[in-house]
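Asker: Below is the structure I would like to discuss, written out as structure tokens.
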Amino acid sequence: MNSSKPPVLAGIGIFSNTTCRTEKKISVFFSVIFMTVGILSNTLAIGILMKAYQRFRQKSKASFLLFASGLVITDLLGHLIAGTIAVFVYISDKDWIRFNQSNVLCSIFGICLVFFGLCPLFLGSVMAVERCIGVTKPIFHSTKMTSKHVKMMLTVVCLFAIFIALLPIFRLRAYQIQASRTWCFYKTEHVEEWEDRFYLLLFSCLGLLALGISFLCNAVTGITLLRVKFKSQHRQGRSHHFEMIIQLLAIMCVSCICWSPFLVTMASIGINENHSQESCETILFALRMATWNQILDPWVYILLRKAVLKKLYKIARRCCGVHLINFHMWELSSIKNSLKVAAISDSQVTSKQMNQQPLSSTMQ
């Protein structure tokens, strides 16, 4: 008995001396504020989506509304579940030994952070792919991208994110309480075994891959819209192009700024093994930046719409005194505009071919 080791709590191990300096009152205050703002913004976005879905039951619009609904609902659940656990941990003075004897709460917390972290990134990349197909191949999108296919894609994305989150549990590798003792994640201290590195690198690589796909597809979409805008002489597509370009820029900026620090930090820990006390505070700061993505998602994807852009345009025109874009011919459906522009361009090409055939016959 005298030579026995002190008891070690599951998922905690021996608490490291490198603890982040976090004040209880300030941390609880910011956690409650972030959770409240996230719940309110995502709830407002869900209401807007439901109203839009009831108003515009169009085949081309249904895919975007379903993907956006899945994204917003995921963000809302993330704030409700993970935010509640975080506030409970702060209020309980981070005494994990008292309320986490069997490591159930830490496992749930870690699973939630991994799932609600990867799922919005996956949905954002899928939305970028869908938007790219809708702009570059509007006819294929209108005929093949049905609501059934969209629901299947949403299910596959969620199941894949759940599988990644449950993978350590399947392998009997418990989630670890981090040095700040405020959240649970993969093992980030004294990472020596290959499996611990694998989880960190898998999470960071999947997240960076999703960001890369989103960036690539949004870049292709933006270039396509700009080319159509400068080539087309029709007014009906110009306001639509302006709206889409603004949304694409906002989506790329918010996703990259919010998630890149955390993903790069996790990848660095998985490669370099060690991190000091300063990196502990860096991880906590990067995690808080990542949570801002769930707060800003509804404002970028849903609330940055025609009405907001028109008001911003009017304010900018009053300040600058320059007439930039005519918003009088704003179409309701974005994919519908793309279809019209594509149809007009196709009709022009066919008419030119028909005119060239008689000329060639007369020359013969």
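Cβ atoms here come from the backbone N, Cα and C positions, even for glycine.
Note: TrEMBL annotation is automatic and uncurated.
Owing to the predicted nature of the structure, the values given are computational and were not obtained by experimental measurement.
Straight out of TrEMBL:
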- 41-301: domain 'G-protein coupled receptors family 1 profile' (DOMAIN)
- 26-50: transmembrane segment (TRANSMEM)
- 62-90: transmembrane segment (TRANSMEM)
- 102-129: transmembrane segment (TRANSMEM)
- 150-170: transmembrane segment (TRANSMEM)
- 198-226: transmembrane segment (TRANSMEM)
- 246-271: transmembrane segment (TRANSMEM)
Asker: Calculate the per-residue pLDDT averaged over the domain 'G-protein coupled receptors family 1 profile' (41-301) and state the result as an integer.
Answerer: 84
Asker: Any contact between the transmembrane segment (246-271) and the transmembrane segment (26-50), i.e. 3 or more CB pairs below 8 Å with pairs at least 6 residues apart?
Answerer: no
